[in-house]
Amino acid sequence: MEVIISENAGFCFGVKRAMKLAWDEVCKGDENGVYALGPLIHNKQAIEKFEENGLITVDNIENIKDDAKMIIRSHGVCKNVYDLAEEKKLTVVDTTCPFVKKIHNIVHDKFTEGYEIIVIGDSKHPEVMGINGWCDNSATIIKTVEEAEKFKALSGRKYCLVAQTTMNLKIYGEIVEILKNKIEDIEINNTICSATKARQEAAAKLAKDVDCMIVIGGKHSSNTQKLAGICENICPTFAVETVSDINSEEIKQYKTVGITAGASTPDWIINEIVNYIKGL
Ligand code: SF4
């Protein structure tokens, strides 16, 4: 069996940076505790490693002790989290990806200038919730072509559009075309991250050359799910989190296996799976 690993599989620049910053802080420790506001990344196994070394994950800033250290993950957070952190005298370790921070700045500046904000993305994704928090949670969030078709623009208003960094490029393009016809004054910022695009394109290219694809990543990782969706349209695809999710009998039917992984999948998990499949 031949195993081919896709280019750009696994940690992207932003996650690599965030994990390094977070790991350094966890190792340094803090007498009042080191907290992560929300799971650091969408990868259960990686989070377990951090928590074994003292990181405490909480969902709400209110659950963080005053004067403690708080890590903001790469997805970024709303503006009010920074305000609350100041009130609680927290030491903030901000690992927000610079590409996400750029979206916060665009949204905050344009909202302050009086623009209506549109975010193309998933309203339930923490990155989008964070972005929305930079315009007083007033953004219109559009995820599908159907939602774009239903959208009604306010007359005489200026709009500023941004996208969730992991948005599917094709759906983004379709939504933008619809909105351009509905809104006279719209400033479009394609904020889809190039890491995502490169990973998606490399996975699609590889899927054409292999008999099946294995997509490795957390079950709750949006970019992993999107990768799996792209590959599924081309060849039989299996989304797995760890070696234990692999159905070896099924995989054995294939001669060439392609492997890709979401942005939050550590190298050690990819290597474990590659070695396992090579051994089949
Ligand atoms: S996918 Fe892009 S935007 Fe998201 S963390 Fe990685 S580098 Fe940053």
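Cβ coordinates are placed from backbone N, Cα and C, and glycine is handled just like the others.
Residues or ranges marked as [4Fe-4S] cluster binding site in TrEMBL: CYS12, CYS97, CYS193. When other Cβ atoms within 10 Å of the Cβ of CYS97 ([4Fe-4S] cluster binding site) are tallied across all protein chains shown, the result is 23.
Positions annotated as (2E)-4-hydroxy-3-methylbut-2-enyl diphosphate binding site by TrEMBL: HIS42, HIS75, HIS125, THR165, SER221, SER222, ASN223, SER264. DSSP classifies ASN223 ((2E)-4-hydroxy-3-methylbut-2-enyl diphosphate binding site) as helix under the three-state reduction.
If you look up TrEMBL, you'll see HIS42, HIS75, HIS125, SER221, SER222, ASN223, SER264 marked as isopentenyl diphosphate binding site. Long-range Cβ neighbours of HIS125 ((2E)-4-hydroxy-3-methylbut-2-enyl diphosphate binding site) (same chain, at least 6 residues apart, Cβ-Cβ under 8 Å): HIS75, GLN164, SER222. Under the DSSP three-state reduction, HIS125 ((2E)-4-hydroxy-3-methylbut-2-enyl diphosphate binding site) is assigned to coil, being neither helix nor strand.
Note on HIS42 ((2E)-4-hydroxy-3-methylbut-2-enyl diphosphate binding site): other Cβ atoms within 10 Å of its Cβ, all shown chains, come to 25. Annotation comment: TrEMBL describes HIS42, HIS75, HIS125, SER221, SER222, ASN223, SER264 as dimethylallyl diphosphate binding site.
Around the Cβ of GLU127 (active site, proton donor), the number of neighbouring Cβ atoms within 10 Å comes to 23. For GLU127, the entry in TrEMBL reads active site, proton donor.
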SER264 ((2E)-4-hydroxy-3-methylbut-2-enyl diphosphate binding site) CB neighbourhood, other CB atoms within 10 A: 27
Spatial separation of GLU127 (active site, proton donor) from CYS193 ([4Fe-4S] cluster binding site) - C-alpha basis, Å: 13
Top Cα neighbour of SER264 ((2E)-4-hydroxy-3-methylbut-2-enyl diphosphate binding site) in the set of recorded positions CYS12, CYS97, GLU127: CYS12
Spatial separation of THR165 ((2E)-4-hydroxy-3-methylbut-2-enyl diphosphate binding site) from GLU127 (active site, proton donor) - C-alpha basis, Å: 8
Other same-chain residues whose Cβ falls within 8 Å of the Cβ centroid of HIS42, HIS75, HIS125, SER221, SER222, ASN223, SER264, the recorded dimethylallyl diphosphate site, in sequence order: ILE41, GLU127, THR166, GLY218, HIS220, THR224, GLY262, ALA263
Per DSSP, three-state class assigned to SER264 ((2E)-4-hydroxy-3-methylbut-2-enyl diphosphate binding site): coil
